[in-house]
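Visitor: Below you'll find the structure I mean.
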Amino acid sequence: MVGGAAVGGAVRGRLRPLLTEMGLLAVLFAFYKWGRTLIEQGPGQAMANAHLLWGFEREWLPSEVGFQHWALGWDHAALLANIYYVSVHFPGTALLLIWLYVRHRSSYARVRNELVALTAAGLVVHTMFPLAPPRLAGIGAVDTMLTVGPSAYPAAADGIANQYAAMPSLHIGWAILVAVAVVRVSRSRWRWVVALHAPLTVLVVVVTANHYWTDGIVAALLLAGAMALVSLAGRMRQAVNHAADAHESRGPGRPRGGPADREPRAARPVPPARDGHGDRVHDRGGDREGVPGADAPASDDLVLA
């Protein structure tokens, strides 16, 4: 009984931070969705921007409408694309974060911060450039969600969903982040299967007429900027932490170059291990080469599917 209670307490102790983290991210996502409704400016400007973008794209990119009509010639293409659009976007991203938190804790904060930065940047672009999606722009695209279903925008959500925020496509932005994160962290051969989520999402958002090619290009550029910003912030934080660790290792009141600096290396305190962003590492995913808390071995390190 005592042993069972101890194990249960340990499990609850490990789950509580994960549930807290997931809850905070869910609140942030809800705030993003709410923010999209606040910035809705009606269809007028969004339709004008759609026709402007459509004319610009025809100079450089293939027609989304032509590609959609070709794809819809395949049986069940619309239904499968709709299901993928509605069912994979948010759950897939949530599974990535849970997997990183449980199995690769040292990489979790970086990906989480990249996701938050990308989503915030997307909200800014929604405000600056409202855009009607192809299915609402009157350019000949078929609204597959309306004609076949299921729909990400049911009639009951008309008052709480801004459908004129196609630029950028966070479906594509999040999908690229999932692919990059898994390839960056995992060593499993299955990581390349997960990476297919990104190009597949690009095709899905065009087949469902929810986005233009340019929406995906802008999302990719915003993600690159978010990654660069998070990396820069991590290096700055790491530099500050290294300076603090060096000061700690000398001890209070010991000037540089004093006796403490001439002690043998083994006698000096060892600074705490930190990840690439300056956070202290507390991983418990498994031991590797006798080092407690390292990520679990690569042979079974991918549980996403």
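Cβ coordinates come from backbone N, Cα and C, glycine included.
Nobody curates TrEMBL annotations by hand; they come from automatic prediction.
Summarising the annotation, TrEMBL assigns compositional bias 'Basic and acidic residues' to 274-290. Per TrEMBL, the feature domain 'Inositolphosphotransferase Aur1/Ipt1' maps to 60-228. Annotation source TrEMBL lists region 'Disordered' at 243-305. Here TrEMBL flags 83-102, 114-132, 164-183, 190-210, 216-234 as transmembrane segment.
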Visitor: Which listed stretch (83-102, 164-183, 190-210, 216-234) has the most C-beta pairs under 8 A with the transmembrane segment (114-132)?
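Guide: Answer, by Cβ pair count: 164-183.
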Visitor: Could you tell me what the rest of the chain brings near the transmembrane segment (83-102), counting residues at least six beyond its ends with Cβ under 8 Å?
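Guide: Result: 18, 21-22, 25, 29, 108, 111-112, 115, 145, 150-152, 171, 174-175, 177-178, 181-182, 185, 197, 200-201, 204-205, 208, 210, 285, 302-304.
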Visitor: Would you report the average pLDDT that the model assigns to the domain 'Inositolphosphotransferase Aur1/Ipt1' (60-228)?
Guide: 92
